[in-house]
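A.B. asks: Dumping the structure here so I can ask a few things about it.
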Amino acid sequence: MTFKRVHLIVMDSVGIGEAPDAEKFGDAGSHTLKHTLEGFEGKLPNLEKLGLGNIAPLPVVNKVDKPEAYYTKLSEASVGKDTMTGHWEIMGLNIDQPFKVYPDGFPEELVTAIEEMTGRKVVANKPASGTAIIDEWGAHQMETGDLIVYTSADPVLQIAAHEEIIPLEELYEICEKVREYTKDPKYLIGRIIARPYVGEPGNFTRTSNRHDYALKPFGRTVMNELQDAGRDVIAIGKINDIYDGEGVTKSIRTKDNMDGMDKLLEVVKSDFDGLSFLNLVDFDALYGHRRDKEGYMNAIKAFDDRLGELLEALREDDLLIITADHGNDPTMPGTDHTREYVPLLMYSKQFDSGRELESHTTFASIGATIADNFGVELPEFGKSYLEELK
């Protein structure tokens, strides 16, 4: 069975249990979905009927006799647990050199280089929450024009500045310069992120003018193959940034998860031939890193509420794929991602019923299935499930 269109949703960080090598990453016992849903008193009827509860025992999501989707869990072959590594593997790359994280801030030589190339002083230079760092340094930045440089548990370098002090175009230009400089392999920083904010001391707000400057993928992805074959590749949310535009034919920005679902529904109702690819980042950015279990739980419920609308809007020859890129268990110590299996659900109105697919294959099985469906070159690793979808 083949499909005219494939819609791929990455529920960012919604892992489904510790990976076989979780202990090496300090993540033994992690289980984002299970731990997030413990104590939840609502229901998730759409994820349940697709078969999410058939993948692993979960609170409130029951196992069903006739799941509507094909389902399994996938493990990551690459040596990281960050967003870029997970997404790049989904599209067929095996990342064997991990991106670097900077738990003690960036090296002095890099800070000096940023100051010299921008003519502005760097302050902060430490891991921090984006909202906390502007609360701490925002007023200082307004007075001095310094750059608030910070990182997180991810391999990112973020630069925050007030929009009225450093205009957006200048902030973007600064980030482009830093991106170019940090392409040196000794840094291995996945993304440089512009983080503009507005407001007054005590009431700062980050704006939607964030921009990510990623490294280009380390090889060709399934998205490149689709683009070369004349197919549409519609990137929704931060997908375009994650792949640095490689293989993307159209990019649609989003404000949050619900706006992402709105934009996906618009795409589903439009005419195109190929892949739509949505990342829902709020699970990770707003709730996982902040260890906000209740917020995470409510975000999953909000997604399930919208999922019913999406299922109804799908065309007969559409395939919907729902997965994740890593875990971020809000009950674990620290603020970092967790090394976990990710769920895989594949649904089409053409299916009489779903069933379990072979488990323990890699994230690249998703890209392989998409490539197989559209008749383009398959990635070097990853198992296509296309023949099993009937």
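Positions of Cβ are set from backbone N, Cα and C atoms, glycine also.
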A.B. asks: In Swiss-Prot, ASP325, HIS326 are given as binding Mn(2+) 1, so which of ASP12, ASP21 is in that site too?
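C.D. replies: Among ASP12, ASP21, only ASP12 appears alongside ASP325, HIS326 as Mn(2+) 1-binding in Swiss-Prot.
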A.B. asks: Out of HIS289, HIS326, HIS337, which of these binding-site residues shows the lowest number of other CB atoms within 10 Å of its CB?
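C.D. replies: Across HIS289, HIS326, HIS337, these binding-site residues, the one with fewest Cβ atoms within 10 Å is HIS289.
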A.B. asks: Just counting, how many other CB atoms are there within 10 A of the CB of ASP325 (Mn(2+) 1 binding site)?
C.D. replies: 28
A.B. asks: Provide the number of Cβ atoms within 10 Å of the Cβ of ASP12 (Mn(2+) 1 binding site), excluding the reference atom itself.
C.D. replies: 24
A.B. asks: In the three-state scheme derived from DSSP, which category covers HIS289 (Mn(2+) 2 binding site)?
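C.D. replies: DSSP call for HIS289 (Mn(2+) 2 binding site): coil, neither helix nor strand.
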A.B. asks: Looking at the binding-site residues ASP284, HIS289, HIS337, whose Cα is closest in space to that of HIS326 (Mn(2+) 1 binding site)?
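C.D. replies: Of the binding-site residues ASP284, HIS289, HIS337, HIS337 has its Cα closest to that of HIS326 (Mn(2+) 1 binding site).
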A.B. asks: Show which residues of the chain containing ASP284 (Mn(2+) 2 binding site), separated from it by at least 6 in sequence, have their CB under 8 Å from its CB.
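C.D. replies: In sequence order, the residues whose Cβ lies under 8 Å from that of ASP284 (Mn(2+) 2 binding site) (at least 6 apart) are ASP12, SER13, THR83, ASN328, HIS337.
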A.B. asks: Work out the three-state DSSP category of HIS326 (Mn(2+) 1 binding site).
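C.D. replies: In the DSSP reduction, HIS326 (Mn(2+) 1 binding site) maps to coil.
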